[in-house]
Amino acid sequence: MGKSEKEVATHGVRCFSKIKAFLLALTCAYVSKSLSGTYMNSMLTQIERQFGIPTSVVGLINGSFEIGNLLLIIFVSYFGTKLHRPIMIGVGCAVMGLGCFLISIPHFLMGRYEYETTILPTSNLSSNSFVCTENRTQTLKPTQDPTECVKEMKSLMWIYVLVGNIIRGMGETPIMPLGISYIEDFAKSENSPLYIGILETGMTIGPLIGLLLGSSCANIYVDTGSVNTDDLTITPTDTRWVGAWWIGFLVCAGVNILTSIPFFFFPKTLLKEGLQDNGDGTENAKEEKHREKIKEENRGITKDFFLFMKSLSCNPIYMIFILISVIQVNAFINSFTFMPKYLEQQYGKSTAEIVFLMGLYMLPPICLGYLIGGLIMKKFKITVKKAAYIGFWLSLTEYLLSFVSYIMTCDNFPVAGLTTSYEGVQHPLYVENNVLADCNTKCSCLTNTWDPVCGDNGLSYMSACLAGCEKSVGTGTNMVFQNCSCIQSSGNASAVLGLCDKGPECANKLQYFLIISIIGCFIFSLGAIPGYMVLLRCMKSEEKSLGVGLHTFCMRILGGIPAPIYFGALIDRTCLHWGTLKCGEPGACRMYDINSFRRIYLGLPAALRGASFLPALFILILMRKFQFPGDIDSSDTDPAEMKLTAKESKCTNVHRSPTMQNDGERKTKL
């Protein structure tokens, strides 16, 4: 019985001593971290409405993840390789769970969400409520009561979200650089592209789950369980609606903590893949030799750091690759972060529907592209130079295809006084004093409260009062306003709650946009793995962990942090009507000028991506001077060593420590 238990224990240890088991655990970590990140992005609009903050602040919250990552990335990427990498990854996953939990805290500390409305609670219960009354007292004006303004300070609770996202970023830091370097160190070189493709596939499965979770939570009212939803006068398509964003963060917290557990059972080092089948004597000898090498590495931590930094900074392909990545990250982060907001405004759909469509249409082709790209690299043993050309041409093809989305657009919502006149004539610019017209000047209406209604003439109005409606019947979302003096139609001049629908033609354009996105996502992801292998193979083996970390560091500080902030500020400039808080301060934007929004959302990323192809061309030219390991017999070559020209060799002629020389003896092939 004792022998049987010993065999089981030995089998358990062996299971955690294989690179494929680590790959499975790391893939789960990739799923959990991308699940959390995607869910966060899908809920940014809900957070914006919950706290009544502008898009620029939302961009700061989104960029705070990168700030947390930035605080540790260089330290973790270099010093982490000298420590226990699997345990550090496990700790990182647990910290991500803590950050997600902290993000959800404001919901439990704040009161109920109150959306702006012109409908008094009594009028919602009455079948004969007059909303347009001459010389009435405007009881719905923003309050000047100091106690109410103190309550309004609850909007500062978004700082919890900011800090939680920073902590989430700190926890995510060790997963990619340490996980990638661990696989690169102990996997066969020809299997490495496939393994990375599997990891990237995990990074698309996570977003798929995250978007589906976001879609479900966005359909649930934020205060579900504590309010009677039948009394609500808004629906998920309304820009004042706030979904139960906090539920998903609790789910993400639990998933991240569960994902962290397996990493605490993996050893610090593994045998190189393919050596496990050797005899016990050979296996033990190699393991002992590897342990001695690790001890030597730990003696020269800080000394090697500066040597590696100098070597990487003198690597032209590596430095240009960083430049390309920074430019493209600025483009892609902007596009992905604000895609739900753009599609909501462009096509008039709810957050829940948009997020669901993003997950359904865009993520499966990305997942398929990553997987096929990794399989192609493994099957055909594509050299680094060929991989660079494949990545370049596929990226360029997808970039040119993206311009088709410029014609898949819709017009602004027809809102009287904002985008059109009360006669239905479109306005080129927003003029605030046009909100009032002859048909509603005697109604004593509030001009800054957003409570839109749709008239049976096809025009929307900022409120039932501004539509000149004198009477309402029904309750909740079924309320109908009648006797509306501003609505000129052959019917009974009535209106219902909410903006008018943009029509079937606009809905068809959304489908065309999604089809183009499917093709574009597949093409781009197909070339992502070849492109990433260029980054990994242009560095020496001992530099890979630091190189990947430095690459991530530059993308975070020059792209991930500033991009959402300046992009959000530009989007704010396209706002036509801001929500109003209790103390009269502007809240979240209720409606954007979609034409200006479109030019910023599509135009700026297109310009940035276009600029990135110039240094990419320079890399293709520069690579002619290099001999990559995939182009020659790898059995006699350092895995990431490159033959440089005489001039370039001077830059990398640094004094190597014995540790670096020993690491350089490791043999791999592409």
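From the backbone N, Cα and C atoms, a Cβ is placed for every residue, glycine too.
The disulfide bond annotation in Swiss-Prot covers Cys439-Cys469, Cys445-Cys465, Cys454-Cys486, and the record cites sequence analysis as its basis. Feature annotation from Swiss-Prot assigns domain 'Kazal-like' to 433-488; the stated evidence is sequence analysis. Residues annotated as N-linked glycosylation site in Swiss-Prot, with sequence analysis given as evidence: Asn124, Asn135, Asn483, Asn492. Annotated phosphoserine per Swiss-Prot: Ser634, Ser635, in sequence order. As annotated by Swiss-Prot, region 'Disordered' applies to 649-670. Residues or ranges marked as topological domain 'Cytoplasmic' by Swiss-Prot: 1-20, 81-86, 185-203, 268-311, 378-381, 537-545, 624-670. Annotated transmembrane segment per Swiss-Prot: 21-40, 60-80, 87-111, 156-184, 204-224, 243-267, 312-333, 354-377, 382-405, 514-536, 546-571, 606-623, in sequence order, evidence recorded as sequence analysis.
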Lowest local Cβ density (other Cβ within 10 Å) among disulfide-bonded residues: Cys439, Cys445, Cys454:
Cys439
Please give the sequence-distant neighbours of the transmembrane segment (606-623): residues at least 6 beyond its ends with Cβ less than 8 Å from one of its Cβ atoms.
316-317, 320-321, 323-324, 327-328, 330-331, 384-385, 388-389, 392, 395-396, 399, 402-403, 534
Output, ordered by sequence, the same-chain residues six or more apart from Cys486 (disulfide bond) with a CB under 8 Å from its CB, or 'none'.
Ala416, Tyr422, Ala437, Cys439, Asn440, Gly455, Tyr461, Leu466, Ala467, Gly468
Out of the disulfide-bonded residues Cys445, Cys454, Cys465, Cys469, give me the one sitting nearest to Asn492 (N-linked glycosylation site) by CA distance.
Cys469
For the transmembrane segment (204-224), which stretch among 60-80, 156-184, 354-377, 514-536, 546-571 has the most Cβ pairs under 8 A?
354-377
Would you list the DSSP helix, strand and coil counts for the residues of the topological domain 'Cytoplasmic' (378-381)?
2 helix, 0 strand, 2 coil
List every residue in the same chain as Cys465 (disulfide bond), at least 6 positions away in sequence, whose Cβ is under 8 Å from its Cβ.
Thr118, Val131, Cys132, Asn440, Cys443, Ser444, Cys445, Leu446
Would you mind pulling the DSSP three-state label for Cys454 (disulfide bond)?
strand
Residue counts for the topological domain 'Cytoplasmic' (537-545) under DSSP, helix then strand then coil, are 6 helix, 0 strand, 3 coil
Lowest 10 Å Cβ neighbour count of the glycosylation sites Asn483, Asn492 is held by Asn492
Predicted model, mean pLDDT over the topological domain 'Cytoplasmic' (81-86):
81
Could you name the stretch, out of 60-80, 243-267, 514-536, with the greatest number of CB pairs under 8 A to the transmembrane segment (156-184)?
60-80
Rounded distance in angstrom between the Cα atoms of Cys454 (disulfide bond) and Cys469 (disulfide bond)
11
With a cut-off of 8 Å between Cβ atoms, can you find at least three pairs linking the transmembrane segment (546-571) to the transmembrane segment (243-267)? Only pairs 6 or more residues apart in sequence count.
no
Per DSSP, Asn483 (N-linked glycosylation site) is which: helix, strand or coil?
coil
What is the Cβ neighbour count of Cys469 (disulfide bond) at a 10 Å cut-off, with all protein chains included?
29
Measuring Cα to Cα, how many Å separate Asn483 (N-linked glycosylation site) from Cys469 (disulfide bond)?
5
